[in-house]
Amino acid sequence: MYPAHLLVLLAVCVSLLGAASIPARPLNLYQFGNMIQCANHGRRPTWHYMDYGCYCGKGGSGTPVDELDRCCQIHDDCYGEAEKLPACNYMMSGPYYNTYSYECNEGELTCKDNNDECKAFICNCDRTAAICFARTPYNDANWNIDTKTRC
């Protein structure tokens, strides 16, 4: 084998090893973001909900700081229940990686009937949270808080 071929092979191997260490990005977060935009008619960017209070975003603990944060706590709990379903126990079928079918029609969200049990459950978790976000006031003071002292 030529030295150039070995270098190419080495580069490919290193790239694959690097890619294997990158955590998979949840697939349904994009759908959940679209549901939020549908329910609130695009009034607030989705990223505003990613670091709000004690529960909106990754993880969650303590007492929710307000009603919007409570929406996120309920959503987290709903995903926890989804993970317990036998239909959601397969690799890449849980709430963070499973995509579902839904419709948005003038702010009305509908989970479609063609979803299997796991997808239907996850879709309803996201739908309920998106509707909760849309009807609940947003307090700028609760965005990007110090969760170690406030939660």
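Including glycine, each Cβ sits where the backbone N, Cα and C put it.
In Swiss-Prot this protein carries:
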ACT_SITE  His75  active site
ACT_SITE  Asp126  active site
BINDING   Tyr55, Gly57, Gly59, Asp76  Ca(2+) binding site
DISULFID  Cys38-Cys104  disulfide bond
DISULFID  Cys54-Cys151  disulfide bond
DISULFID  Cys56-Cys72  disulfide bond
DISULFID  Cys71-Cys132  disulfide bond
DISULFID  Cys78-Cys125  disulfide bond
DISULFID  Cys88-Cys118  disulfide bond
DISULFID  Cys111-Cys123  disulfide bond
SIGNAL    1-27  signal peptide
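Residues near Cys78 (disulfide bond) in space but far in sequence (CB under 8 A, at least 6 apart, same chain), listed by position: Asn124, Cys125, Thr128, Ala129. Other residues of the chain with a Cβ within 8 Å of the Cβ centroid of Tyr55, Gly57, Gly59, Asp76, the Ca(2+) site, are Cys54, Cys56, Lys58, Gly60, Ser61, Cys72, Gln73. Annotation: Cys56 are the disulfide-bonded residues among Cys38, Cys56, Cys88, Cys104, Cys151 whose CA atoms are within 10 angstroms of the CA of Asp76 (Ca(2+) binding site).
According to its DSSP assignment, Asp76 (Ca(2+) binding site) is helical.
DSSP assigns Cys151 (disulfide bond) to coil in the three-state reduction, outside any helix or strand. Here the CA atom of Gly57 (Ca(2+) binding site) lies 23 Å from the CA atom of Cys104 (disulfide bond). The DSSP secondary structure for Cys111 (disulfide bond) is strand. Long-range Cβ neighbours of Tyr55 (Ca(2+) binding site) (same chain, at least 6 residues apart, Cβ-Cβ under 8 Å): Pro64, Asp69, Arg70, Cys72, Gln73, His75, Asp76. The disulfide-bonded residues close to Cys71 (disulfide bond), defined as a CA atom within 10 A of its CA, are Cys56 out of Cys56, Cys88, Cys111.
Reduced to three states, the DSSP call for Cys54 (disulfide bond) is coil.
Look at the disulfide-bonded residues Cys54, Cys71, Cys88, Cys104, Cys111 and count other Cβ atoms within 10 Å of each Cβ; Cys104 has the fewest. Annotation note: Cys104 (disulfide bond) sits in a strand segment as assigned by DSSP.
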